[in-house]
Amino acid sequence: MTSGNPTAPARRDRSSAAVRLRPQQPRQRSRTTRKPRRSVLLTVLTGLVLIYSLLPLFWLLINASKTPAGLFDSFGLWFGEDFALLDNIVATFTYDDGVFSRWLGNTLLYVVVGAGGATLLAVLGGYALAIFDFPGKRAVFAVVIGAVAVPGTALAVPTFLMFSQLGLTNTPWAVIIPSLISPFGLYLMWVFAAQAVPRDLLEAARIDGAGEIRSFLRVSLPLLAPGTVTVLLFTTVATWNNYFLPLIMIRDPDWFPLTLGLNSWNAQASTAGGEVVFHLVITGSLITIAPLIAAFLLLQRYWQSGLAAGSVKE
Amino acid sequence: MNHSRSPGAAREPSPTQVLDATKRRSEAIMNTSTRHVVRGLGVACVAMLGLTACSSPGEDSPSSATPAEIQAALDEGGTITVWAWEPTLEQAAADFQAEYPAVEVELVNVGTGPDQYTAVQNAVSAGAGGPDVAQIEYFALGQFVVTEAVADLSGFGATELEELFSPGPWNAVSAADGVHALPMDSGPMALFYNQDVFEEHDVEVPTTWDEYLDAARALNEADPDVYITSDIGDAGLTTSLIWQAGGRPYDVDGTSVGIDFSDEGTARYIEIWQQLIDEDLLAPIDSWTDQWYQGMAQGTIATLATGAWMPANFESGVPSGAGSWRVAPLPQWEEGVDAGAENGGSGLTIPQASENKLLAYAFIDYVTTGAGVGARLDGGAFPATVADLESEEFLDAELDYFGGQQANQIFATAAADVADDWTYLPYQAYANSVFNDTVGQSYVSDLPLTEGLQRWQQSSRSYGADQGFDVQE
């Protein structure tokens, strides 16, 4: 860790530039030295795992392009006679008065408010716990660790009863409020803040006359960015994929997230008189995972730098 | 309610005293046992999705009205919420609003089948947030009747509608103490078969279940990929076939419940089905899955014995099978007998907690007996009303999907052949949910079907006893 010395950033820059210049040769050398260590078994295993994880995605992509008849008549892992992806996408968004768009909007709402709020709370709480000393901190620590250990599913029923008493079930709040709490995110930010924010830097800021809020916003927050993005990714994925909580809380399809909506479409195939819309379920699923993939691609570089934080001694 | 005990012939004192005393006593018994059952099913609600205890229904709005009062309510207007998943209701509701502009119908699909029932139960227990009209399948209706979650519609004149409906669905919604739903559709059973497959292998379409077994063998022998049908244990199919075979395993009278799978009708069913299972003649595919639809599209599932509502599902779920499939009467257990059974179908109920029962009744009357029926039939629904089942337009319709066959004639005959003395358990939804844990074992192991059904019987009996029903041995 660096000291609060103002020249430190400059030094860091220079050293990082050096690091960037250096690798060319050592990397090649290391490649040649590593070569004999390559394990066929490991490569095969990794390849299998890769296929195992990508195959469903591939299947989804292929089958989203098929007509309802084509879904059952053609080979599952290759394209059918008709390429109906665009038709399917249009049908997905227009079926049942365009309810899919509504579900997409709901999911975005839950993610932006729920996951965004959860991240905000985790950053604030984690930072406070890492930087400040106060009575009862150990108790908070115990509660947070305990909360990490309790699976969300186990809390679902008590949460439902509580929200039912408050008259909040079947409203978006019933999904948003529980999503705001992320014990794991809090714990992660706590550990991260303890590592990433040098006390000396804060001391310096205080000596320069910055208040706690200002030093948090101007000094600490940028340092916490990699951790924040990591927590944001976790909470976003958790909220985006959340199924059980909305399942028990929400009854009105107008407030369904995508997960519930797609399930209700899927369930249509299983009753008398229900319209079978497997092609819409599949296309809808594809559309549903696209934003998650985009979020990962966009945020991963911050996340990676976050994972590397503290790994280099300066 | 066929077996109500006659209270009169017992004691010495004056007849009126006797009657009064008996009445009071039986009322007391009725009340405590009903309350007991209600509490018990409340626990069931918690157990079912682990959600919340169901308590007794909340406040009452008038549960009887004259046609004039209903008309006045329609003129005054208001909003009613309808929880249903049946797709043709959408058009019917739109027509209803066009006819009564003051009324607004909010049609909400809160989930299909069991999801809907959980939602309704939860709303009942919460005492608020529930619908004014709820779609409930016939087999599941008992649970809502016994917990008094749905209103008795006889106060609105529903009892006079009996003549309008075919016997199967009417029997399903009515009991001695009232009418608890209006039948929306019905499911008289028929045999759907893939004609191309039968012709390709030169096999006759079966007319009895014995022939069905032979056809199953012949098809599977000609092409090992082809199965006569798929079944991995389906409570609805099993009970319907037992119903057709003359078995009456359930005997329900108020809160008194008898369950007995050892009668002759059940034995007939077991005899054939055991052979189908033993000789691996049933495709091990669960109904309603994509695999199932795929099997029917590819001709590896050659027949399907199910309710007459199936054509709509065929059209959207097996589009490529158009022209290949045909309809035949359901095979008989005995040659020369015309016995039918129902499979599926649902009615529209008015939850006790509805605050707008007059409008709700006006709506369900409109879509089950009024002008709404036409719109729903055009949308592909199968009627429960005699007039429509007997109309020439319906009978002469040539169904394109079935190669222009006048299949409705077969369905209409099937509807008339349904024996109307069948009863489901007041907790059939629960019983069906444990079917695969009990009878399902017979499909995957050496457990004889007889034994599997005995286990189902045992498990249904003990659940009923736990819920406070008076379970007869």
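Just so it is clear, glycine is given a Cβ too, placed from its N, Cα and C backbone atoms.
Look at TrEMBL and you will find A:104-299 tagged as domain 'ABC transmembrane type-1'. Residues or ranges marked as region 'Disordered' in TrEMBL: A:1-35. Taken from TrEMBL, the feature transmembrane segment covers A:39-62, A:108-132, A:139-161, A:173-194, A:215-240, A:276-299.
Within the same chain, the transmembrane segment (A:173-194) packs against the transmembrane segment (A:108-132): three or more Cβ pairs sit under 8 Å, each pair at least 6 residues apart. Packing against the transmembrane segment (A:108-132) from elsewhere in the chain are residues 140-141, 172, 175-176, 179-182, 185-194, 197, 199, 202, 216, 220-221, 224, 227-228, 231-232, 235-236, 238-240, 242, 246, 257: each is 6 or more residues past its ends and has a CB under 8 Å from a CB in it.
Counting C-beta pairs under 8 angstroms (sequence separation of 6 or more), the transmembrane segment (A:276-299) reaches the transmembrane segment (A:39-62) with 3 or more such pairs.
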